[in-house]
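**Q** Before I ask anything, here is the structure I am working with.
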Amino acid sequence: MATAWESEYFDKVTPGERERAVPPMVPQQTPPPVYIQPQVSRNGIVASIVLRLLTLIFAVVALAVLASNTGSFQVSTGSATSVKTIKFTILSAFTYLFAVCGVVAVYSLLLIIVEMIDLAVRGFTTHTLVAIFVFVLDQTMAYVLISAASASANGVKVSRDESNITGYKFDISCSNLGIDDYCTKASASVAIAFIAFLFMAITAGVSARRLFKLP
């Protein structure tokens, strides 16, 4: 005789029907890190964008000042007198600074776009490989920019001294050529490049902090 607990009134299965097996619960998979909500605060991303924007502005200004820097002087050869014009390309250090400022400006613009997208959709720059890539590039850009600015600072010193900056066989400088404006604008572009480096270095520090805070 069946007990009450074994009767059909206490069973959830209809008499004659086999008990259905309950499927095992499948554990929910953890999404890959790229889709995890970033732990970096929104303020950190905004600060990085602002710093990159400042770097971009100062790099473009330094590039523009350097590109527009020219000087004219007269050269007498016998009875003939000719007017010569020099540009920033007269010294390789200035050409180097011009190229570096252009690269830093383009790089900063690209990273601003990337981080603005990241600010909207979140999660892209928090991927470990991307964060490492950005960190390495920030460090590289800061190093290259400070090396170019330092070399150009020495170029300004050479231009102001009694040194050959025009390619002629005799020593001529900004002072005795009457092109002091040339050296002044060159000094201004170098100073602006140093300011751009300052913001680039701070940006590199921010990217390093974001990298080390990733899980």
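A Cβ is built for glycine as well, from the same backbone N, Cα and C atoms used for every other residue.
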**Q** Based on Swiss-Prot, are GLY44 and ALA120 on matching sides of the membrane?
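**A** The record shows them together on one side of the membrane, with a shared topological domain name.
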**Q** Quickly jot the same-chain residues contacting the transmembrane segment (45-65) by Cβ under 8 Å, restricted to those at least six beyond its ends, or write none.
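**A** Long-range Cβ neighbours of the transmembrane segment (45-65): 97-98, 101-102, 104-105, 108-109, 111-112, 115-116, 118-119, 125, 145, 185, 188-190, 192-193, 195-196, 199-200, 202-203, 206-207, 210.
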**Q** Any residues 6+ beyond the ends of the transmembrane segment (94-114) with a Cβ under 8 Å from its own?
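**A** Cβ under 8 Å, 6 or more out: 49, 52-53, 55-56, 59-60, 62-63, 66-67, 69, 88, 124-125, 134, 137, 141, 144-145, 148-149, 151-152, 155, 186, 189-190, 193, 196, 200.
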**Q** Taking the topological domain 'Extracellular' (66-93) alone, what is its mean pLDDT?
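**A** Taking every residue in the topological domain 'Extracellular' (66-93) and averaging pLDDT yields 75.
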